[in-house]
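For reference, the structure discussed in these notes is given below.
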Amino acid sequence: MRWSKVFRTRKLAGSPLEAAKKIVVFGGGSFGTAMGCALARQKPDLEVVLLVRDPYLCKDINQLHENTRYLKGFKMPPNVRATTHAPEAIAGAQYAVHAVPVQSSRAFLQGIKEYLPSTVPIICVSKGLEVGSGQMMSELIPSALERKQPAVFLSGPSFAKEVMQNRPTGVVAACKDAKLARTVQALFASPTMRVNTTTDVVGVEICGALKNVLAIAAGIVEGMDLGHNALAALIAQGCSEIRWLAEKLGAKPTTMSGLSGLGDIMLTCYGDLSRNRSVGMRLGRGERLEDIIASSSQVAEGVATAGVVVGLARKYRVSLPVLTAVAQVLDNNLTAREAVFHIMNLPQIEEA
Ligand SMILES: NC(=O)C1=CN([C@@H]2O[C@H](COP(=O)(O)OP(=O)(O)OC[C@H]3O[C@@H](n4cnc5c(N)ncnc54)[C@H](O)[C@@H]3O)[C@@H](O)[C@H]2O)C=CC1
Ligand SMILES: O=C(CO)COP(=O)(O)O
């Protein structure tokens, strides 16, 4: 109650939300839609435009006020609309929320580059590492746009469906420019959304990318019905591995125990709504990856990121048995059972 009062008084004239007139969302999938709606709910005269590819989905959003493909059954606020036309979507927008899956982000950004002014901040919610370049989104965005662009990385435990249901959620806005991080904090913060800030972009991004790989491992353990002990041991080991790699990359230790680290690891490794965990569960039950992917309409970023992690482990000379085993299972080099046997038979160690 007190929290909500604080917000009501903070959202007075002059705040970034008050000043914002139009926000464009790249990607009309589940998370782009949910975050767009979260912004639109806060300010009825804010224009939120989802840039989508599919004209049928576009029509549904505009006529039924519902994302019939990705968030069926949830009504969207009337100030959210969709278009397939990039120049029109972007024109006049003060912020761009980027919710296109990582592996499609480079091509997408190259396609809209000429319409996006270099001063418009990108608020990136995509979590993962690009196959091939191994880049994080903070590296991929300037590389794809071939220029500097202000960018903030918003991450943390936040299932799209629960954001859409306006249930309490906490995320972290990471930006080297602390002032811009605070602007994004003020944009998204509401009585149902807490937004912390940090300047540790690398830490937030690497935690967000690797927790998806760990969630696949957690799903495998669940799918094989190995029990609570095994699951807890696996997640604890995975947390250590993420910390070892994150430290090598220069991340702050506090980020690991924060929302984008432990918070999102807990959500995705234990939460029924996680797509990465559900890919793992199906692998653990013996399904083939090709069949799992063919039957899923939504992205599970951990599948692509797992292969990149193997390269990072090599590059930074850090042993990541759980995270790299996920890549081996996905590549069909190991069965899930062999991976568990392999991990259980590693040398007994001193805790690090
Ligand atoms: N769904 C969730 O609960 C959360 C998702 N995220 C992250 O947000 C990102 C997007 O995820 P979702 O919205 O869940 O995915 P989704 O699978 O629901 O939707 C992806 C959207 O991106 C579009 N897209 C794909 N390739 C494209 C391209 N080349 N050009 C333009 N659009 C393209 C699709 O048409 C679709 O609208 C991912 O990186 C995910 O890890 C982050 C937090 C929560
Ligand atoms: O990142 C997420 C929640 O914070 C969503 O996780 P999944 O992609 O596994 O559903």
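For all residues, glycine too, the Cβ spot is worked out from N, Cα and C.
What TrEMBL records for K211 is active site, proton acceptor. Look at TrEMBL and you will find G27, G28, G29, S30, F31, G32, A160, R275 tagged as NAD(+) binding site. Here TrEMBL flags K127, R275, N276 as substrate binding site. According to TrEMBL, the feature domain 'Glycerol-3-phosphate dehydrogenase NAD-dependent N-terminal' maps to 22-180. Residues or ranges marked as domain 'Glycerol-3-phosphate dehydrogenase NAD-dependent C-terminal' in TrEMBL: 200-340.
Taking the features listed in TrEMBL, we show where each one sits on the structure.
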residue: G27; record: NAD(+) binding site; contacts (Cβ under 8 Å, 6+ apart): L50, L51, V52, H98, A99, V100, P101, F108
residue: G28; record: NAD(+) binding site; contacts (Cβ under 8 Å, 6+ apart): L50, L51, V52, R53, D54, L57, C58, I61, N67, Y70, A82
residue: S30; record: NAD(+) binding site; contacts (Cβ under 8 Å, 6+ apart): N67, Y70, L71, A160, K161, Q298
residue: F31; record: NAD(+) binding site; contacts (Cβ under 8 Å, 6+ apart): A99, V125, S158, A160, V163
residue: G32; record: NAD(+) binding site; contacts (Cβ under 8 Å, 6+ apart): V25, F26, L50, V97, A99, V100, V125
residue: K127; record: substrate binding site; contacts (Cβ under 8 Å, 6+ apart): V102, M137, S155, E205, G208, A209, K211, N212, E301
residue: R275; record: NAD(+) binding site; contacts (Cβ under 8 Å, 6+ apart): S296, Q298, V299, A300
residue: N276; record: substrate binding site; contacts (Cβ under 8 Å, 6+ apart): N212, V213, A215, I216, G219, T268, A300, E301, G302, V303
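R275, N276 are the binding-site residues among G32, A160, R275, N276 whose C-beta comes within less than 6 Å of an atom of ligand 2, given in sequence order. Compute the center of the Cβ atoms of K127, R275, N276, which mark the site for substrate; besides them, the chain residues with Cβ within 8 Å of that center are G128, N212, A215, T268, S274, V299, A300, E301, G302.
Counting every protein chain shown, 23 other Cβ atoms lie within 10 Å of the Cβ of A160 (NAD(+) binding site). The full span of the recorded substrate binding residues, K127, R275, N276, taken as their largest Cα to Cα distance, is 13 Å.
Counting residue by residue with DSSP, the domain 'Glycerol-3-phosphate dehydrogenase NAD-dependent C-terminal' (200-340) contains 105 helix, 0 strand, 36 coil. Largest Cα to Cα distance within the recorded NAD(+) binders G27, G28, G29, S30, F31, G32, A160, R275: about 18 Å as a whole number. The Cβ of G29 (NAD(+) binding site) lies under 8 Å from the Cβ of Y70, A99, P101, Q298, V299, each of these being in the same chain and 6 or more residues away along the sequence.
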